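J.: Right, I'll just put the structure down here and ask away after.
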Amino acid sequence: MTAKVLDGKATAAAIKEELRGRVAALAERGRTPGLGTLLVGEDAGSQKYVAGKHRDCAEVGIESIQRELPADATEEQILDVVRELNEDPACTGYIVQLPLPKHVDTQKVLEAIDPDKDADGLHPMNLGRLVASVGGELDSPLPCTPAGCVELLRHHGVELAGKHVLVIGRGVTIGRPAGLVLTRREVNATVTLAHTGTTNLDELLASADVVIAAAGSAHMVTPEQVKEGVIVLDVGVSRVTGEDGKSRVLGDVDPAVKEKAAWMAPNPGGVGPMTRVMLLANVVEAAERAADGENWAGERAGA
């Protein structure tokens, strides 16, 4: 068996096409979604990632609002920009690019974001709403990577209801919120959360129908550990220096796992494009909610 590819690039392209239509519909209502980014410092990886987000915006018609500060910016200067983006009506959603400099209280900055403009879906209030809402409509953004995993599988016709999903990793961006997204009634998976300190990982991998590897530990999931027909999404990223002295980026899953898997999301090209497109979806949905709110307020005023 050789795994079929869960193609994140093609799936993201299809979702972008749908988003273009929604952005056009918003334009007819006199509203244009705007994605803001706040980048502190000159980290090359962060600069590249932010630039990619704004290229994505241009593809679907979302306005780009870019704010940059030097690495030695004070916490108060950063918070000033956060407040500015909170108040800017052109900005319907934004992200603070992480990591922030060590002298900055990252949690304080993230909590200062207006929850209605939280494009990453990671504000404590929005995570709390996700905890409290098991089913039905959720009028707050979902965390981008877990939502991207679900959409990637859905677009390939892979059913998650009733399946045992093993999530490896306990980070706030993927591992911890993944269980909340996957156990919503509309998805209905059964989730086990493991991490690098889990002592029975081999046992859990052997029984998992789906594996989402997001621990940031290079090639920690091997063919010997998984069962035939498993569905694997490789989300982890590790930078490893080889014997030749060159640095390369590796995922959490040994590529040889594809010989046992039914479906596999490669790294890169699998979940990464989905994370970025779900960010766009959150921004568009925020603009739609704001436009609907304005219409409701107008109707009330005219009543």
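In case you wondered, yes, glycine gets a Cβ from its N, Cα and C as well.
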J.: Given that Swiss-Prot annotates Gly169, Arg170, Gly171, Val237 as binding NADP(+), state which candidate in Thr190, Thr192, Thr196 belongs to that site as well.
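T.: That NADP(+) site, as Swiss-Prot gives it, pairs Gly169, Arg170, Gly171, Val237 with Thr196.
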J.: Determine which residues of this chain, when Gly169, Arg170, Gly171, Thr196, Val237 are set aside, have a Cβ within 8 Å of the centroid of the NADP(+) site's Cβ atoms, and list them as they appear in the sequence.
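T.: The surrounding set, listed in chain order, is Ile168, Ile174, Gly175, His195, Ala214, Ala215, Gly216, Ser217, Gly236.
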J.: Across all chains shown, how many C-beta atoms besides its own are within 10 angstroms of the C-beta of Arg170 (NADP(+) binding site)?
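T.: If we count other Cβ atoms within 10 Å of Arg170 (NADP(+) binding site), we arrive at 17.
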J.: Tell me whether Gly169 (NADP(+) binding site) sits in a helix, a strand or coil according to DSSP.
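T.: In three-state terms, Gly169 (NADP(+) binding site) counts as coil.
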J.: These are the binding-site residues: Gly169, Gly171. Which one scores highest on other Cβ atoms within 10 Å?
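T.: Of the binding-site residues Gly169, Gly171, the highest Cβ count within 10 Å belongs to Gly169.
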J.: Here are some binding-site residues: Thr196, Val237. Which one has the most Cβ atoms within 10 Å of its Cβ?
T.: Val237
J.: The record lists Gly169, Arg170, Gly171, Thr196, Val237 as binding NADP(+). What's the largest Cα to Cα distance among them, in Å, rounded to a whole number?
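T.: That value is 14 Å for the farthest Cα pair.
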